[in-house]
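Heads up: the structure comes next, in structure tokens.
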Amino acid sequence: MIRIGHGFDVHKFGGEGPVIIGGVAIPYEQGLIAHSDGDVALHALTDALLGAIAAGDIGRHFPDTDDKWKGADSRELLKDVYRRVKEQGYRLGNADVTIMAQAPKMAPHIDAMCAAIAEDLETDISNINVKATTTERLGFTGRKEGIATEAVVLLFKQ
């Protein structure tokens, strides 16, 4: 049996940098406003995994109303959810992440993001794809007000 999950997340720029995305700290004059570390890529990926196992969303498992998760490392949240995936008898087939941002430039950091995600999801890096695009200066991402990310995962029954 296979399961597909989709995730989406958005965070607004604010405060001091760096931007944490895909498990990588990217130098930038602003950070992202969030209850946790604001890693939109890992939040979307975490939601995709939760969706694939029909387990709700990241806010249900790590609510921003709980101080326990304040400043949380999103890599730890991702690993926790992947443990739940494995407990249900699934393993990752592949993950595909799309980052929508006018700034900062993501291209120099994509390989490091793929490596971090592959490590956290206990898979070969060839099963992880991260790509970035701009919105041609349209919308809130185009105005450099924030970053949006989508993620899709394919899970296989072990």
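Positions of Cβ are set from backbone N, Cα and C atoms, glycine also.
Under the three-state DSSP scheme, Ser36 (4-CDP-2-C-methyl-D-erythritol 2-phosphate binding site) falls in the coil class. What Swiss-Prot lists as 4-CDP-2-C-methyl-D-erythritol 2-phosphate binding site is 9-11, 35-36, 57-59, 62-66, 101-107, 133-136, Phe140, Arg143, and the listing cites sequence analysis.
According to DSSP, Asp9 (4-CDP-2-C-methyl-D-erythritol 2-phosphate binding site) is assigned to a strand segment. Annotation comment: Swiss-Prot describes Asp9, His11, His43 as divalent metal cation binding site, evidence class sequence analysis.
Long-range Cβ contacts of His35 (site 'Transition state stabilizer') within its own chain (separation 6+, distance under 8 Å): Asp64, Trp69, Lys70, Gly71, Ala72. Residues or ranges marked as site 'Transition state stabilizer' by Swiss-Prot on the basis of sequence analysis: His35 (among others).
Other Cβ atoms within 10 Å of the Cβ of Thr134 (site 'Transition state stabilizer') number 15 in total over all chains. Summarising the annotation, Swiss-Prot assigns site 'Transition state stabilizer' to Thr134 (among others) and lists sequence analysis as the type of evidence.
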Residue pair Phe62 (4-CDP-2-C-methyl-D-erythritol 2-phosphate binding site), His43 (divalent metal cation binding site) - Cα distance, angstrom, rounded: 11
Same chain, 6+ residues apart, C-beta under 8 Å of the C-beta of His43 (divalent metal cation binding site), given in sequence order: Gly7, Asp9, Ser36, Ile58, Ser74, Leu77, Thr149
C-beta crowding around Phe62 (4-CDP-2-C-methyl-D-erythritol 2-phosphate binding site), within 10 angstroms: 20
Entry from the binding-site residues list Asp9, Asp66 having the most other CB atoms no farther than 10 A: Asp9
Cα distance (Å, whole number) from Asp66 (4-CDP-2-C-methyl-D-erythritol 2-phosphate binding site) to His11 (divalent metal cation binding site): 18
In three-state DSSP terms, the structure that Thr133 (4-CDP-2-C-methyl-D-erythritol 2-phosphate binding site) belongs to: strand
